[in-house]
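Chemist: Straight from Swiss-Prot, here's the annotation block:
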{"type": "BINDING", "residues": "24-31, 45-48, Gly70, 126-129, 160-161", "note": "GTP binding site"}
{"type": "BINDING", "residues": "Thr31, Thr48", "note": "Mg(2+) binding site"}
{"type": "LIPID", "residues": "Gly2", "note": "N-myristoyl glycine"}
Amino acid sequence: MGGFFSSIFSSLFGTREMRILILGLDGAGKTTILYRLQVGEVVTTIPTIGFNVETVTYKNLKFQVWDLGGQTSIRPYWRCYYSNTDAVIYVVDSCDRDRIGISKSELVAMLEEEELRKAILVVFANKQDMEQAMTPSEMANSLGLPALKDRKWQIFKTSATKGTGLDEAMEWLVETLKSRQ
């Protein structure tokens, strides 16, 4: 009986915890983004070996956010975390032109997974504060995003260190998740 009332309460007040994965190649800024979202400031990070998991509350929605390491040796284990994922934040280093093809390959492989079929995709074109950064449009084309017909997606111009673009991206994600319920 208590479970019934708590589920009604949750549906009325939006307290269901959403599962979000933050994925991308190593050095893209995933961990910086996670802690910027959680504590609102830049924290010193080291390369993630394995994962970081934190609860982030944004606009009355609770997110269980999983930041998975992006090194070549860790990427095959991403699939172990796909189950019950509501959205993927895919972070791309806008300055890393040499690895945009690898980033695309990882993104395509991930999106082919059945467990992520219904997950919303948010791409963070990160490090936009750098002069040599690709534009979000250039990145979207390089990643093949316009070809995604059966998936809700959006790309945002972000800088994890400056905090720019994160609110817009999270606002879009929250509204998109709410419209699905």
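Keep in mind that glycine also has a Cβ here, set from the backbone N, Cα and C atoms.
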Chemist: For a quick check of understanding: among the binding-site residues Thr31, Thr48, Thr161, which residue's Cβ has the most other Cβ atoms within 10 Å?
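Modeler: Most Cβ neighbours within 10 Å: Thr31.
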Chemist: Drop a 10 Å sphere on every Cβ of the binding-site residues Gly24, Gly27, Gly70 and tell me which sphere holds the fewest other Cβ atoms.
Modeler: Gly27
Chemist: How big is the gap, in Å, between the Cα of Gly70 (GTP binding site) and that of Thr48 (Mg(2+) binding site), rounded to a whole number?
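Modeler: Between the alpha carbons of Gly70 (GTP binding site) and Thr48 (Mg(2+) binding site) there are 8 Å.
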Chemist: So how many other Cβ atoms are close to Lys30 (GTP binding site), meaning within 10 Å of its Cβ?
Modeler: 27
Chemist: Provide, as an integer number of angstrom, the distance between the C-alpha atoms of Thr48 (Mg(2+) binding site) and Lys30 (GTP binding site).
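Modeler: Distance between the two Cα atoms comes out at 9 Å.
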Chemist: Far apart in sequence but close in space: which same-chain residues, 6 or more away, have a Cβ under 8 Å from Gln128 (GTP binding site)?
Modeler: Ser94, Pro136, Lys157, Thr158, Ser159, Thr164, Gly165
Chemist: Measuring Cα to Cα, tell me the gap between Thr31 (Mg(2+) binding site) and Thr161 (GTP binding site) in whole angstrom.
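Modeler: Cα of Thr31 (Mg(2+) binding site) to Cα of Thr161 (GTP binding site) measures 11 Å after rounding.
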